[in-house]
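Student: Pasting a structure here, questions to come.
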Amino acid sequence: MGIQGLAKLIADVAPSAIRENDIKSYFGRKVAIDASMSIYQFLIAVRQGGDVLQNEEGETTSHLMGMFYRTIRMMENGIKPVYVFDGKPPQLKSGELAKRSERRAEAEKQLQQAQAAGAEQEVEKFTKRLVKVTKQHNDECKHLLSLMGIPYLDAPSEAEASCAALVKAGKVYAAATEDMDCLTFGSPVLMRHLTASEAKKLPIQEFHLSRILQELGLNQEQFVDLCILLGSDYCESIRGIGPKRAVDLIQKHKSIEEIVRRLDPSKYPVPENWLHKEAHQLFLKPEVLDPESVELKWSEPNEEELVKFMCGEKQFSEERIRSGVKRLSKSRQGSTQGRLDDFFKVTGSLSSAKRKEPEPKGSTKKKAKTGAAGKFKRGK
């Protein structure tokens, strides 16, 4: 779920924090991608006649086709992706996971009714609601990525929290996910729609946390409390407090504790055994991988092993897979050129980005840095 209504709220009250870019704008950028979110998108979108793709044994293959071709598209545009997979969900998420199970059970009933009535559109709608990323999906995608020469990481807990940690450490430029709580975990830059279907023609949305905080007049701890009031995966919110009211309350009272102290409990009853303090702590200090221990390497694809896996086991067209491998290899040759701003130490924020740093002599001959370009947030 992420944070309820956060994207719309930012668009309404801090529109300058959002920038829309074409995928070509990210040439030379390293990006940490929420793998489970991407796989879920592939299972929903990569279909034939409303059904997921399958091989002759009835095994789902939509996730593999999506991962293969979307990753190639990113590489062809000079993006260096690293996929981050979910680990064990935090205990605080158990309530949300239980609700999801209930919704799945209800969708199963509605699907059976739609099938009995022969309502094709309803069948497709409820079938998609039953989509769930499994361990097998994850394992197969990891195997595919290793054969493609694309790095992946296993997060100890929530993938988006580890993606945020990688951005904060300068290992990558941005975190790519549809879950807005990546900002709540402190990612300086969030990208949405990066792995969306090309046919949808959605521009990539880039959210800048520093500008969000600046426009709202909040610090990170206050922003976390705002997100908890909006509704997160880790605890309930106060019924009756909408996005606009939540912003006003946080701006005025600065913390959930002070808001609760001043609220009329008859109008805005606080949830029983409310775990907002625990959720607050989880967002500020999540369990994440150690960015300093991470070494990201992109290597040549293993064409024969890819053909063996994708064609021999999963029954994709050999001609298409070999063609994809050639595109991937060619893209690696083109992406070795670094971004210009990787050659300089650039500081500043969105508001100060117009100031130019003096160009050091011979700087164009220096080796490009591994990480993202300091605090400079332009996706050029």
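Note that the numbers count up from 1, one per residue, in the order the chain is shown.
Glycine is no exception: its Cβ is also placed from the backbone N, Cα and C atoms.
Keep in mind it's a predicted model, so treat the numbers as computed, not measured.
Copying in the features that Swiss-Prot gives for the protein in this structure:
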- 363-380: compositional bias 'Basic residues' (COMPBIAS)
- R19: symmetric dimethylarginine (MOD_RES)
- R104: symmetric dimethylarginine (MOD_RES)
- S187: phosphoserine (MOD_RES)
- S197: phosphoserine (MOD_RES)
- S255: phosphoserine (MOD_RES)
- S293: phosphoserine (MOD_RES)
- S335: phosphoserine (MOD_RES)
- T336: phosphothreonine (MOD_RES)
- T364: phosphothreonine (MOD_RES)
- K375: N6-acetyllysine (MOD_RES)
- K377: N6-acetyllysine (MOD_RES)
- K380: N6-acetyllysine (MOD_RES)
- 122-253: region 'I-domain' (REGION)
- 327-380: region 'Disordered' (REGION)
Student: Can you work out the mean pLDDT of the predicted model over the region 'I-domain' (122-253)?
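Tutor: Value for the region 'I-domain' (122-253), mean pLDDT as a whole number: 91.
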Student: When you rank R19, S255, S293 by Cα distance to S187 (phosphoserine), which of the modified residues ends up on top as the closest?
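Tutor: When the Cα distances are compared, R19 comes out closest.
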Student: By a simple count of other Cβ atoms within 10 Å, which of S187, S255, the modified residues in the record, is least packed?
Tutor: S255
Student: At the Cα level, what's the spacing in Å between R19 (symmetric dimethylarginine) and S293 (phosphoserine), rounded?
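Tutor: Cα to Cα, R19 (symmetric dimethylarginine) and S293 (phosphoserine) are separated by 31 Å.
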Student: Ranked by the number of other Cβ atoms within 10 Å of their own Cβ, which of the modified residues R19, S293 ranks first?
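Tutor: The largest 10 Å Cβ neighbour count belongs to R19.
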Student: Between S293 (phosphoserine) and S255 (phosphoserine), what is the CA-CA distance rounded to a whole number of Å?
Tutor: 35
Student: I want to verify one value. Collapsing DSSP to three states, which class is S293 (phosphoserine)?
Tutor: helix
